Amino acid sequence: MEEDKPSTTVAEPSVAAVPIAPVRPPIPRPPAPQNGEARASTSDSDSDSAGPPRATGVSGAEYEISEESRVVRERQEKAIQELLMKRRASALAVPTNDMAVRARLRRLGEPITLFGEREMERRDRLRMIMARLDSQGELEKLLKVHEEEEAAASAALEDGDDQMVQYPFYTEGSKALLNARIDIAKYSIKKAASRLERARRKKDDPDEDMDAELDWALRQASSLELDCSEIGDDRPLSGCSFSHDGKLLATCAISGVAKLWSMPEAKKFATLKGHTERLTDVQFSPVHNLVATASADRTAKLWNTEGSQLVTFKGHLDRLARIAFHPSGKYLGTTSFDKTWRLWDVETSEELLLQEGHSRSVYGIAFHPDGSLVASSGLDALARVWDLRTGRSILALEGHVKKVLALSFSANGYYLASGGEDNTCRIWDLRKKKSIYIIPAHSNLISQVKFEPQEGYFLVTASYDLTTKIWSARDFKPVRTLSGHEAKVTSLDIAGDGHQIATVSHDRTIKLWSSSTNEKDQAMDVD
């Protein structure tokens, strides 16, 4: 019996020691992620017993997590350093002349050009190199380069033979551009005076009921029905345009071929072949029976209605997007993915203006009815309004959150509609210099917007959601939805009298929508 009791007493401490061992591991430092505390826990574990090395292993697993966080932190610090370097680079003085940029790169021991590098890209590379040298504390190298450039400049001035050319900060325009600006100013003054006089007469004339006339136009628009559907090409269609008298319709396709159709029976009578790449847009002249086409082959071409090519406009460095005639018919505007839009003389095919201003590709273009202004839009979600008489950018219209693809001025002279990839159509008031309406128009991107050409009584939008919609210009509420295409609607145009709308689509069809009332053949009352 006495031998059994000691055995029980020996078992009791062993049983009591079992719960003590698990009590201590919870007390160690699993929640301590810091390096100092982790080191303290490892030192305590070394002095206590051999069990905590397991905790050290567990803490080792925690160190793996902290290692990931350290990598993330280093990545963030690197991004911050790159951002600071870019800011420092933007503050450094970099020459604007390409020859000076090359000379400085040579003095810095860098390649003066890279394969496929353009002037602006070369200048940005020099700025980043200078910022990197500045951040690395190699200011002496930069100062030495500056001293060499100044010494070379002074030596050239002393010799008197090879003087350095003083480049202006702007690009001097040609004499042809000056004459074009003067001509546009004279034209726009007459057009603006005529438009304002007509508006005053309508306002003061008791016989003129503008609300009744607007209601009549909206009734006509609401009664539009599908009148004709015709296969336009073997490939998807990308653009369409009515002639100024509404008797002809021009279409273009990604096959690189444009076609002319007689209205209203939609019979093809001419084919325009000459481009080597797909066509992106087509437009009729507002004055003459001339057709302009834009293509991905970086050129625009001018044709007559017999299908003969008259002029080729060359100069863009990338594919063209949209094209538009000035209201006078003397000038042509083109937009391109080279981040510029250009103004051309129709008669001489001379490039009058190369205009930058967008940070990304320029897509949409539209001329004011008076001819004084032009609006451009780009893939930078920005629309700009330019004064053609002075060349200045007078408005930057910010509001779209995605690419702006289409623009249209209203005949009233102060409304501008824009549509883009954010599925909305915005109405800008040029008098207030801001957006006054935001129309959640479609469920997909808006490919084209057009105001009714005579008075701007309604607005039409085309979308990749397979529909075309008509909106009242009074309150921009929906009037009619034109459904019938089986693929993306890429473009639209409105006939001069507002009674017929043409739409083209990726389903390769041309659809004509006409008024079904008895007033179909009547023209709108215009002074």
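Note that Cβ sites are derived from N, Cα and C of the backbone, with glycine treated the same way.
Curation does not apply to TrEMBL; its annotations are automatic.
Since the structure is predicted, the reported quantities are computational estimates derived from the model, not experimental observations.
For reference, TrEMBL has these:
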COMPBIAS  10-21  compositional bias 'Low complexity'
COMPBIAS  22-33  compositional bias 'Pro residues'
DOMAIN    96-149  domain 'Pre-mRNA processing factor 4 (PRP4)-like'
REGION    1-72  region 'Disordered'
REPEAT    272-313  repeat 'WD'
REPEAT    313-354  repeat 'WD'
REPEAT    355-396  repeat 'WD'
REPEAT    397-438  repeat 'WD'
REPEAT    439-481  repeat 'WD'
REPEAT    482-523  repeat 'WD'
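Residues 235, 238-244, 248, 250-260, 319-325, 327-329, 332, 334, 336, 344, 346, 349, 351, 491 of the same chain sit 6 or more residues outside the repeat 'WD' (272-313) yet have a Cβ under 8 Å from a Cβ within it. Beyond the ends of the repeat 'WD' (482-523), by six or more residues, the same chain brings 217, 219-221, 223-242, 244-246, 249, 251, 253, 261, 263-264, 266, 281, 444, 447-448, 450, 452-454, 457-458, 460, 462-464, 466-470 to within a C-beta distance below 8 angstroms of the stretch.
Through the fold, the repeat 'WD' (397-438) approaches residues 192, 195, 199, 363-370, 373, 375-385, 444-456, 459, 461, 463, 471, 473, 476 of its own chain, all at least 6 residues removed from its boundaries and within a Cβ separation under 8 Å. According to DSSP, the secondary structure content of the domain 'Pre-mRNA processing factor 4 (PRP4)-like' (96-149) in residues is 38 helix, 0 strand, 16 coil.
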